[in-house]
Amino acid sequence: MSTTNLLEFDRDGLADFCARLGEKRFRATQLFRWIHQRGASDFDAMSDLARALRDKLKGCARVQAPPVISGQASADGSVKWLFDVGAGNAVEAVFIPEDERGTLCVSSQAGCAVGCRFCSTGHQGFSRNLSSGEIIAQLWFAEHALRRRLKTEDRVISNLVMMGMGEPLQNLAALLPALRVMLDDHGYGLSRRRVTVSTSGVVPMIDRLARDCPVALAVSLHAPNDALRDQLVPLNRKYPIDELLQACKRYLAHAPRDFITFEYCMLDGVNDQIGHARQLVELVGRAAIRCKFNLIPFNPFPASGLLRSAHDQILAFAQVLGAAGIVTTVRKTRGDDIAAACGQLAGDVRDRTRVAERMAKQRTMQLQLQLNSSRRAEPSAAGVIGCGESI
């Protein structure tokens, strides 16, 4: 007999489910607390629920995360789990412990259709959106697994970032109920300031998120001009930088923070020159947008054909931004020994969009162009990419 996974529901949805069982809607709050605050999956353990309700639930419902294929711990304390979401697809979630907080990085899709050049997930293509339950299950499993491991009843995960596999705003219908569970005081009680949705720039959905469930927003910028961003983040061809920045300004009217975080992956010789930093200063100044920059050292993977910027170059880049009064941080790479760092999450994806095939063809063409160019160019000029030039 088919049963309903209660992880799929926010509290209102769970109240509707209880009403369909002939139960009072307030029972949903009791049930919701058992599931999310206590991590219970056994209805018999839910001692303050009436026996009749528990018997009904056993016949028609379940509380179940996707099967865990593997769990890996990094030398720095980060933990990565690989979840089997069926049909040959697997997604990853990563816990990153720090002195004052514990952050969980959560996936929203099996694969990603955006196809950013520097992202391992994008090179795998796209299979499907995750359901609300599959998104929240990553938090449900991680929080309670970590509590058991640490032998504590205190909350372990204080921050959550939608920065795992997938573009969250291309799965907004499932994302919104999951966010409501994260924020619900009867669920995980996370602050809106401590839940961050990262997007490559789906402009209409930024506006919808602002209206329906504003949380902290991070934008994957990665380039100071459209010519370069078109190459690194193909979605830019649909929603160019000026449109994106205007959407960010509109978002700030609803956001729990008074700034937007711009993520910027530092790619050697591609987007990391001092001229690029000066262009960024001019860009955000012209847009008059309150922001901070998070510079991310690139985590190489074979298919990318890209290299990490030198540490001194990253610091020099940050200094230009900082001198202009822009708060700038350099992300500390965590979990790279278990392929859990930024841009490395890949899981397993059964590509239904042929994105991976197209990207492979593009890589072949780029390599051929580079070979042809190097044969024609002077040795000292080969392979150099100037500020603002496309790749």
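For all residues, glycine too, the Cβ spot is worked out from N, Cα and C.
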According to Swiss-Prot, which candidate in Ser191, Ser198, Ser309 joins Gly166, Glu167, Ser220, Leu221, His222, Asn299 at the S-adenosyl-L-methionine site: Ser198
Reduced DSSP assignment, Ser220 (S-adenosyl-L-methionine binding site): strand
Within 10 angstroms of Cys112 ([4Fe-4S] cluster binding site), Cα basis - binding-site residues out of Gly166, Glu167, His222: Gly166, Glu167
S-adenosyl-L-methionine site span - longest C-alpha distance across Gly166, Glu167, Ser198, Ser220, Leu221, His222, Asn299, in Å: 19
Other CB atoms within 10 A, centred on Glu167 (S-adenosyl-L-methionine binding site): 26
